[in-house]
Amino acid sequence: MKDLLRFFKIQHTQIEEFNAIKIALASPDMIRSWSFGEVKKPETINYRTFKPERDGLFCARIFGPIKDYECLCGKYKRLKHRGVVCEKCGVEVTQSKVRRERMGHIELASPTAHIWFLKSLPSRIGLLLDMPLRDIERVLYFESYVVVESGMTSLECRQVLTEEEYLDALEEFGDEFEAKMGAEAIQILLRNTNLKNECEYLREILEDSHSETKRKKITKRIKLIEAFIYSENKPEWMVLNVLPVLPPDLRPLVPLDGGRFATSDLNDLYRRVINRNNRLKRLLDLAAPEIIVRNEKRMLQEAVDALLDNGRRGRAITGSNKRPLKSLADMIKGKQGRFRQNLLGKRVDYSGRSVITVGPYLKLHQCGLPKKMALELFKPFIYGKLELQGFASTIKAAKKMVDREEAVVWDILDNVIREHPVMLNRAPTLHRLGIQAFEPVLIEGKAIQLHPLVCAAYNADFDGDQMAVHVPLTLEAQLEARALMMSTNNILSPANGEPIIVPSQDVVLGLYYMTRERSNAKGEGMVLTGPKEAECLYRLGLADLHARIKIRITEYEYDKNGEWSKKTNLVNSTIGRSILWMIVPKGLPFILVNQVLGKKAISTMLNNCYRLLGMKATVILADQIMYTGFAYAARSGASVGIDDMMIPSKKADIIDEAESEVVEIQEQFQTGLVTAGERYNKVIDIWAAANERVAQAMMDNLATETVMNRNGQLENQASFNNIFMMADSGARGSAAQIRQLAGMRGLMAKPDGSIIETPITANFREGLNVLQYFISTHGARKGLADTALKTANSGYLTRRLVDVAQDLVITQDDCDTFSGIVMSPVIEGGDVKEPLRERVLGRVLAEDILESNADTDSKVLIVRNTLLDEYWCDVLDEHSIDTVKVRSVVTCDTDFGVCSKCYGRDLARGQIVNKGEAIGVIAAQSIGEPGTQLTMRTFHIGGAASRSALESSIQIKNTGTVCLKNIKSVINGEGKLVVISRNTELKIIDQFSRTKESYKVPYGAVITKKNEEKVIHGEIVAYWDPHTMPVIAEVSGFIQFIDLIDGQSIVKQTDELTGLTSIVVLDTSERVSSAKDLRPTLKIVDINGYDIFIPGTDVPVQYFLPGRSVVQLVDGSRIICGDILARLPHESSGTKDITGGLPRVADLFEARRPKESAILAEISGTISFGKETKGKRRLMISPIEDGDVYEEMIPKWRHLNVFEGEYVDRGDIISDGPESPHDILRLRGVHAVTRYIVNEVQDVYRLQGVKINDKHIEVIVRQMLRKATVIRSGSSDFLVGEQVEYSRIKIANRKLENEGKVKISFIRNLLGITKASLATESFISAASFQETTRVLTESSVAGKRDELRGLKENVIVGRLIPAGTGYSYHQERVHHRHFSNKKETEKSVITNISSQITADEASANLTELLNATSPK
């Protein structure tokens, strides 16, 4: 019996080995071959007997028996009859699960078009027949005729005729032509299409046609027709003659109590199809009138449409409860569809979930598991052990013992759980550290205990979070859990390579308190023999924790032979630091402990420990730090009282000063000296500055206290104020929060992001009055609303990123490329935001680095292909090297995947990355995980306005030389430079010509220093008005107004008090309709009123004035070069939000073209201007060598940065604006676009203080660049203008080069991540991402093969993924397949030879062959 059962198990679990999956159209014969019988009746089951009706939708004869091994009438029961077909009811005796696999079919009485190929845009049927979709629909739904056979008449084939036209044609031509309606007609047309001829004909037209749109359309048709030819699909299969019926267990009918049934919507839809089909058959048999038959055919078409994709055409068919029925298409698409609900994510058994609490006494690799949970989760193991050890004779007995919870069960549980890791997961799992393995420790209670140090990785807290426990069952799973997922193996974060197991909050506070020093503490000045003595004195109460002492410290380090060498010194320290030294492992220097330890310092200590002493020491140290921190935090007794919030005495004065300044501005506004916008900006600036000053005063007050030392002198020491200690140590709170408690709350924002100009001057200690409280409620609500939106958006960004990068895996060691990208430090203003060492750490050099000695021959300092670790980065620093070329994922030459040299160090492990590492997914997680921390929108001054006064000058911080880049300037009346270019940079360079500072200088700034002039730190080198944007005169002369008509394009504002008039230009939206076309312009003319030209060109000097600009000149007044002609108040640009935060990151990765993007020069050459049209000017670039002149029409309101006669390089900015990544790629190349995207994304994250390694962003950029467009196809069979995978072009080019043929020339494309995911080679991956219907339609027509290269496809088909531990499994399969193919060919070779030679010769040859192929 057992053997029999085993036989059945084996029988069904055998799966075919497969390497690829193909999708294609099903031919009617194929559908019939799948089917086990035709479904003829719409009935489902008999309502009395509950047995399925014969030939109905649940028929047992077609689909199989309802009960295992039992026919429907009950004549044959049990296993012995298996395989018998009952002669009475016709049911085969077998397992009932065949009802999940066996399909049926419906023979349709009239052909029916498949709605996917008809309505899924672009319509495949329409494209193939070259008919508009509207015409095809009219034919299909029996409104018009289509000519299928034109004969000798004047009618065209595929011409659409209305009823009247058809009758006229019949009268005229009789039966010389044939026209039909319905799907029949379409099917005939499709069947009659000769694909090969059509294709050749189209290729001929393609070569002759010159219109772009026509070419595009023809190319589309060629691609579709070729797809049909190659895939051996027949076009007529897009029209169905046979409809397959889904197995009944996949569309179940479930009896509810009370005699009602719950049914899948598909049954309803099938029933409608069968009913209409049967009625149509009957009508055709009766030869009913044409009009009735036609109506029935149309209804059948609609029923089939609804079954396949309800709601795609017309109104969706609804069920009894008014909701649309779920069709086959709805079953697979969307979050609840087959792909995302059941294939990519499944519910898991052997799992449990519970609330988490703190386990402060656990070791890092442990978690506390409640006994009840453990007993339930490990049941099968316990049963097995009980039986094995003879406590229970059968499993049933064991079960009873476990249910009674006998004492022996608990002992066994202890035994089972030992060294059996479990996995803990906290939703949302944003990165791979959201699931880690721990060894369980049994505990009482019902909550899971979690080690406090892993909370940062899980982003968990103990306010009611829940976590899930999963048990790895097989030995391999346990091994992986222990070796790869154990929390002790995940010390470094994969996003940036820094420790993620870092103490926070209490622990930090405890260590900080312990390592602080206090003047005049008990025991100061003692000299001690070592840490043990220090602890002894502290425990006995003879010395204070903070007492300054001298102590003998022994430090160890490795010498050259790898032995420990020790050195002992007498060091100035404190009692607390000496006690802490006892837990620090051998090999770390005392200096790490001998300082006030804040969060950063502790992180550095752990990082150093990991790099110097490895993982084990680090884990032990982390645990010890945690225990110590908790203990001393408890001893410190730090707590917060209201008196800790000390309000500075200067606060009142500062606020009074600010208020008087605001009054002054108000008066200036009333006298008309400043506009409303300027007044608003200035008021906000005054309050922002006042807030800063109050905060500064408060921090000075809090941070230090004056005490008397033991010599009787007063000295300042860091304060022991509790709030200050918490903020200073980095345990909790920040200066901004303390500012609200003890300074002033400051400016608040309205919901639309504009700032309310009256600030809240009170703080929380003083308390807010009603008005102040009301103002501050805005911000609080907005915060909550934003958070909800943010989480959803961030999750969606992560999903798109994972989808685009999921198939990127490290597949080889070295691709031997010499290309790479150049790295230099990130400098913004006077600060180095990211030094070079942080950017290149863990990367591989692309070329040798030479020593930068000018006098000697430069010798190689670091050779190419070196992995830059901490040591080499120190070398770079010593030799003050400024730029380094490193290998990058973007430039890697591996065809499928990336090589480990181009990727560099695996950040989470600290050594070069292994083959099989899924770097794509890691990159996506690293970028997506901090997404929730990014703001949704950055206002120009965030929530509680957090910004000091606007910058209005450049004051430098280092001594050095001024270097001005991209500058165009004029000299004003005072002899100073005025900048008139828009992307000027001012850099300060030191004597080694390294950039120390770099600033953007705005248009209109006055620069006080010349280029290459020496400056010393603290000097102001440039200044400008931050509130307005000026228009600067570039020549001297007289002003002339054009189109400045009072009341139409401008309004004059006269000031009552001063009598000054200023002219304000109206925005086009504010003007009357007749004045919409006026272009208010200022022109500079000479004394006779003739045009003055820009020097060296024949362009007259004129300035178009944008709306809202203010002119304070009179027509005809004299002006001097460098004067301000008009001002544009900044408020207009201020209210436009800078897209920041998450939306900005999404825009960059989606490669969206910004509105009004910068215009770049398409070629290098000289600028000239051609004939203008009404609203645009014609810009021409003439290349210096021979070549065509490039022309472009640019709207007149765009401000140009170039003048006539100026030379520009390809990719130079002609008109300002945000740059479009597509333009950068086209004009400046892959490196530039990589640099642009990486820097822009990093700017957003850096603003939030999130560290992400550049290579993660580069990985995504590589995936965005994976397509290329063919420009010239060379000797290949690609079409011109076709978009192809870059790797396929590379492979094809290599092949062509070897054969000495013409190579393909191409340009790289930049696709947004959504587009790139949908454009992947794998249709399974694309379909499970978005637009499922479109992807599947397209792939099936093309008969695509999915090679199952990526991770997602393999998860969906249920195999190991080709990454991580599954990588070697896949490599082996490939190898095995290759080997067996080789054997096959050898076999065939041998059989061919043996027909001509003797047996002896054959055996000799065979041994020779085998010896040659056997591995040496």
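Backbone N, Cα and C atoms are what each Cβ position is placed from, and that goes for glycine too.
Feature annotation from Swiss-Prot assigns Zn(2+) 1 binding site to Cys71, Cys73, Cys86, Cys89; the stated evidence is sequence analysis. Taken from Swiss-Prot, the feature Mg(2+) binding site covers Asp461, Asp463, Asp465, and the record attributes it to sequence analysis. The annotation Zn(2+) 2 binding site is assigned in Swiss-Prot to Cys815, Cys892, Cys899, Cys902 on the grounds of sequence analysis.
Sequence features annotated in Swiss-Prot and their locations in the structure.
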residue: Cys71; record: Zn(2+) 1 binding site; Cβ contacts under 8 Å, 6 or more apart: Ala60, Pro65, Lys77, Val84, Cys86, Lys88, Cys89, Val91, Glu92, Val93
residue: Cys73; record: Zn(2+) 1 binding site; Cβ contacts under 8 Å, 6 or more apart: Cys86, Lys88, Cys89, Val91
residue: Asp461; record: Mg(2+) binding site; Cβ contacts under 8 Å, 6 or more apart: Cys455
residue: Asp463; record: Mg(2+) binding site; Cβ contacts under 8 Å, 6 or more apart: none
residue: Asp465; record: Mg(2+) binding site; Cβ contacts under 8 Å, 6 or more apart: Val355, Ile356, Arg426
residue: Cys815; record: Zn(2+) 2 binding site; Cβ contacts under 8 Å, 6 or more apart: Cys892, Asp893, Thr894, Cys899, Lys901, Cys902
Helix, strand or coil at Cys899 (Zn(2+) 2 binding site) [DSSP, three-state]: strand
Extra residues within 8 Å (Cβ to Cβ centroid of Cys71, Cys73, Cys86, Cys89), Zn(2+) 1: Ala60, Leu72, Gly74, Lys75, Tyr76, Glu87, Lys88, Gly90, Val91
Least surrounded among the binding-site residues, given as Cys86, Cys89, when other CB atoms within 10 Å are counted: Cys89
Neighbour-count leader, CB within 10 A, binding-site residues: Cys892, Cys899, Cys902: Cys902
For the Zn(2+) 2 site built from Cys815, Cys892, Cys899, Cys902, further residues of that chain with CB within 8 A of the site's CB center: Gln812, Asp814, Thr817, Arg887, Val889, Thr891, Asp893, Thr894, Val898, Ser900, Lys901, Tyr903
Shell list (Mg(2+); ref centroid = CB of Asp461, Asp463, Asp465; cutoff 8 A): Ile356, Ala460, Phe462, Gly464
Three-class DSSP secondary structure - Cys89 (Zn(2+) 1 binding site): coil
